[in-house]
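J.: Straight from TrEMBL, here's the annotation block:
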- 7-26: transmembrane segment (TRANSMEM)
- 38-57: transmembrane segment (TRANSMEM)
- 64-83: transmembrane segment (TRANSMEM)
- 110-131: transmembrane segment (TRANSMEM)
- 152-173: transmembrane segment (TRANSMEM)
- 179-198: transmembrane segment (TRANSMEM)
- 298-317: transmembrane segment (TRANSMEM)
- 337-360: transmembrane segment (TRANSMEM)
- 372-393: transmembrane segment (TRANSMEM)
- 422-443: transmembrane segment (TRANSMEM)
- 455-476: transmembrane segment (TRANSMEM)
- 496-519: transmembrane segment (TRANSMEM)
Amino acid sequence: MEGLENMTFISNAVSLVTYFYGYMNFSLTKSANTLTNFMGTSFLVALFGGLISDTYLSRFKTCVLFGCIELLGYAALTVQAHFDQLRPPPCQGLAISQTTQCQAADSGQAAILFTGLYLVAFGTSGVKAALPSLGADQFDERDPKRSSFFNWFLLSFTAGAIIGVTFIVWISTNQGWDWAFGVCTVAVLVSIMVLSMGKSLYRNNVPKGSPLLRIIQVFVVAIRNRKLPQPGIEDELHEVAGVHNEILPRTDQFRFLDRAAIEHTSDDGSTSVNLGPWRICTVTQVEETKIIIRMLPIILSTVFMNTCLAQLQTFTVQQSTTMNTHVLGIKMPGSSIPVIPLVFMFIFIPIYDCVFVPIARKITGIPTGIRYLQRIGVGLVLSAISMAVAGVVETRRKSVAREHGMVDSLQPLPMNVLWLGYQYSIFGLADMFTFVGLIQFFYEESSAGMKSLGTAISWCSSAFGYYLSSVVVDVVNKVSGGWLDNNNLNRDKLDYFYWLLAGMSVVNFGVYLVCASWYRYKKVEVIYKEENHAEGKQVEMLNAV
């Protein structure tokens, strides 16, 4: 399901800016911002999908439900792309300086477009929240294969993306956008059917109630008990040990919240635990809340990398439209440029999982080779390098345009599009480290009752990155006097913009180091109770993870 769903999503992520600009008559900046807002929503609404999965539905049902919503979105986009009257008249034969004269989409046409777009965004968000957790649930907690699963999940993600940015983009370029959206519709339908075929084989989580409600309860009870003395020992705090329960031991961070678990005593000195959830919480519930608070700085310090990714997915595609796109005698659509880092990732993911991780495991003793936060940090460094390289390549592209007197020309420059592969390849490696690191970090560190929400939080980094991208473009345009406001990349100062992003990425990495050093990994005690019927004994085993 991940391969097929991501095939449709990524193909549109890299090419929709062309559809907005060339078919819906949006300006270059509006096209870029519309795409980044769509992408941001796709990731941010994953929080809703995660809450639904943990609170009401199993992860399997969540994937099927939201997959159907995504299906409706692609169907709406297919209909609009097929009928000319649902789109504004095309702009043909106009020079770059005259594109502002094109007729804009009317309110009805825009409504159809945004309805389809945000149905897709809403649908894919639920799948992204629940699907990684559904896959990881199939492995036992201590099974090393669960760590490998996330790498192979990324491989499926990448394989689908490769097909999307080549096959689907080729269809949109040569056969029409209605055919491309139609193929996306069929692909999502098939993905839902394939996932449903395995229903009887899956381990399915049992929803444990709203994790958001449990977090709110901790804050409410802690504030209620704010005048009580700070508990000195853990035995003074309330905990419930059941069968197959995950018990989170008390930690020293955010000690104010420990007041939510203070046990109340009656007048005769006996302990009373028969209170409602709004009067007393367990230590595990308090620690579950602390985990979320500790995660927030990590998620915020990885946002800027996704802002950089958003720029590559928009402006780099526009750069490619000005260049010679013939590769080995074959004309490559500009939107297919991301296939370069994807192929790079497709090759290096198995090498990372099968070669690097076993070697690193022997050196560090860590099952995953290196810790999740270390993996994310490597990705952030590579992201900064990628932005610096992008600035150098853009400087070279503009110099070629000036040397050949083609600054205002619509003809492709005598510079091959593969030059853009340098920045994309480095960023592909960055994504390989950070993407899986974030998803696995939030899945493993989240408590048992909020795995889907934890996975959804990891996607928030992408969401905020895409939203911040729109803000950064607007702010840079205003402060710089219009670096990116000419609708002509040959006259814009995109190279300055890339170097600015590189500098900000370095600062962001410094912030991340502080946040990662402050973070404390979760410790878990799992209590198992097994009844031996032959001897009539009960065997209790305590595992400290």
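Keep in mind that glycine also has a Cβ here, set from the backbone N, Cα and C atoms.
Because TrEMBL annotations are produced automatically, they should be read as predictions rather than curated entries.
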J.: Quick one: find which recorded stretch in 64-83, 110-131, 179-198, 337-360, 455-476 has the most Cβ pairs under 8 Å with the transmembrane segment (298-317).
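T.: When the Cβ pairs under 8 Å are tallied, 455-476 comes out ahead.
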J.: At a Cβ cut-off of 8 Å, and with pairs 6 or more apart in sequence only, do we get at least 3 pairs between the transmembrane segment (372-393) and the transmembrane segment (496-519), yes or no?
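T.: Judged by the Cβ rule, the two regions touch, with the required three close pairs present.
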J.: What stretch, picked from 152-173, 337-360, 455-476, 496-519, has the most CB pairs under 8 A with the transmembrane segment (110-131)?
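T.: Stretch with the highest Cβ contact count: 455-476.
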J.: Restricting to CB pairs under 8 Å, which listed stretch, 64-83, 337-360, 422-443, 455-476, is in contact most with the transmembrane segment (152-173)?
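T.: The listed stretch sharing the most Cβ pairs with the transmembrane segment (152-173) is 337-360.
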